[in-house]
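The ATP binding site annotation in Swiss-Prot covers 65, 66, 67, 68, 69, 70, 71, 72 and rests on sequence analysis.
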């Protein structure tokens with residue numbers, strides 16, 4: 001795991017600031033990847049490969065990057081917005097990081113190893129019926145069988161999962177990449193599909209800041225920003241942390257997410273002095289035994305769902321976040337669904 005993690009870290013740094021030697025080696029592979037990805041999508045669009053239409057509208061929230069775009073909080077915000085408008089929403093996802101490959105409809109007893117950390121977090125934050133499966137269509141069928149009153153399904157990720165037809169496509173794109181001219185497809189870059197793919201989605205949500213003035217891939221553009229909530233105790237969420245009392249304490253921050261630096265910066269921006277940071281691979285397993293010794297250990301919500309109730313973690317605290325999307329993305333989705341659905 002350490003060697004794999006180190007190699008992945010090198011590649012991610014290359015994606016952010018390309019190394020000429022690596023680009024020379026990886027560029028041909030990116031060209032091959034582009035041809036394979038384009039053919040796969042064309043096969044689904046032409047009907048050469050079969051795709052399935054669920055009996056309710058499907059809204060896909062995904063990205064053309066290989067993770068780290070801030071998509072999960074945006075999915076939670078969209079689902080909550082639709083719920084506020086009286087829509088019975090369900091969520092489907094692949095469930096990255098879980099140990100089982102079987103379709104699983106989440107319930108109060110579901111654990112991260114059953115569902116994956118992100119779907120479990122979405123389920124707990126929104127209360128929306130949720131199912132996971134490597135086949136999004138199969139997960140959708142299972143979800144509708146368990147909750148037949150669902151009127152709309154939001155697919156967390158899956159923009160490239162063309163085996164499931166969708167009625168609305170939402171692409172999340174990081175603001176930091178909107179002005180870049182050196183983006184490339186995997187493995188030389190972090191893109192799963194070319195930038196031109198953004199021309200065919202219903203809307204683009206720019207996450208984490210303002211977009212470059214020249215970035216306008218869609219006539220329908222939304223922007224999201226992250227707001228942090230009050231830090232709470234892991235084993236007693238009603239107890240809020242008084243950050244003022246941390247001044248003379250040892251504080252360690254731990255994150256198993258795609259862009260851990262964002263989490264660490266958020267804590268520092270709150271005036272918290274973090275003595276040590278621990279960055280784990282995205283979706284990494286984590287338990288109380290893995291946490292460093294400190295007066296206070298602060299973790300992400302995504303990591304918090306991996307801990308079982310009743311474990312002695314009195315010194316572990318959780319920083320909640322939420323996405324603020326402007327303008328109203330939920331209203332846009334409902335307006336879009338009044339039009340003729342787009343079969344993909």
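Counting begins at 1 with the first residue displayed.
From the backbone N, Cα and C atoms, a Cβ is placed for every residue, glycine too.
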Study note, to complete from the structure: Taking the centre of the Cβ atoms of 65, 66, 67, 68, 69, 70, 71, 72 as the ATP site, the remaining residues of that chain with Cβ inside 8 Å are 63, 172, 174, 258, 259
Exercise for review: Among all chains shown, work out which of the binding-site residues 67, 68 has the most CB atoms within 10 A of its CB.
Suggested key: 68
Review point. When you measure from the Cβ of residue 65 (ATP binding site), which residues in the chain that are at least 6 apart have a Cβ under 8 Å away?
Key: 173, 174, 177, 190, 191, 192
Point to revise | Listed in sequence order, residues with CB under 8 A of residue 71 (ATP binding site) and six or more positions away | key: 61, 62, 63, 156, 157, 172, 207
